[in-house]
Amino acid sequence: MIKKIGVLTSGGDAPGMNAAIRGVVRAALTEGLEIFGVYDGYLGLYEDRMVQLDRYSVSDMINRGGTFLGSARFPEFREEHIRQVAIENMKKRGLDALVVIGGDGSYMGAKRLTEMGFPCIGLPGTIDNDIKGTDYTIGFFTALGTVVEAIDRLRDTSSSHQRISIVEVMGRYCGDLTLAAAIAGGCEFIVVPEVEFSREDLVNEIKAGIAKGKKHAIVAITEHICDVDELAKYIETETKRETRATVLGHIQRGGSPGPYDRILASRMGAYAIDLLLQGHGGRCVGIQNEKLVHHDIVDAIESMKRPFKGDWLDCAKKLY
């Protein structure tokens, strides 16, 4: 019987994490459970930095960006003896389960704790939208709004100077944020990690646009594909059009979460408590076709596939 649980945020922060913590805390207290917040993710779990939370601990948190519990990278958590210390710290406080809010690295930590006999529930908190078993992650839509606003501003100045603008978007190995922002922002060209990239092909497409009378253009590209400053120099040399690169960086992670992310985070947080009370452990929560679902966290990491949104790219190309 679950009586006490912990909650932590791990990895890169995302708008809506505070709303998710609030959902977990309020739902747990409503069900008569005690709940502890863990500071700075798995590092705080290892260092035994936890605090008991009440309803007032999460007051006025639903609209705040970031995570008030903090987050930290802690690669040492891969070591079994480190995780054993973390489990002992939780048992010392009488915790029966842990809710982990974060990305795929955070899920891996939850998976390993689950395999060591400590039940965890994972909630997808990342702007990258790269988590298996869910259509959308907490923070994705807020980050999308931030990126589109930046693209709109770049379009103003690009059109004024007949310039080609490259905008680098976060996402790591997933192009969802780039794709969605490119469609919403009317970008002329899209480069994502799921599709092989050739700078020569990109230049040819840009030249074709110029031949049709296009006086400016925006290229949306996912981070880590190439050096965007070098790409800008290459495009400018080949097209004789002024080209500038803008790296949006960590601004994409900040800001007050939008309504959808607040709702999604709240629903997922409350659902995590429902799952624990039903006796589930080692699960990760998702939303598919607007319905909350849960999957085995081991299967989600090791077996499940995350489909590429090829139809989004096809749509974008029709609108160039």
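Every residue, even glycine, has its Cβ placed from backbone N, Cα and C.
Annotated ATP binding in Swiss-Prot involves Arg73, Phe74, Gly103, Asp104, Gly105, Ser106 plus, out of the candidates Gly12, Gly16, Gly23, Gly171, the residue Gly12. Secondary structure at Arg244 (substrate binding site), taken from DSSP and collapsed to helix, strand or coil, is strand. Between the CA atoms of Arg172 (substrate binding site) and Arg73 (ATP binding site) there is a gap of 16 Å.
Secondary structure from DSSP puts Tyr56 (ADP binding site) in a helix. Of Ser59, Met170, Gly186, Lys212, all annotated as binding-site residues, the residue with the shortest Cα distance to Ser106 (ATP binding site) is Met170. Checking each of the binding-site residues Phe74, Gly103, Gly105 against Met170 (substrate binding site) by C-alpha distance, the shortest gap belongs to Gly103.
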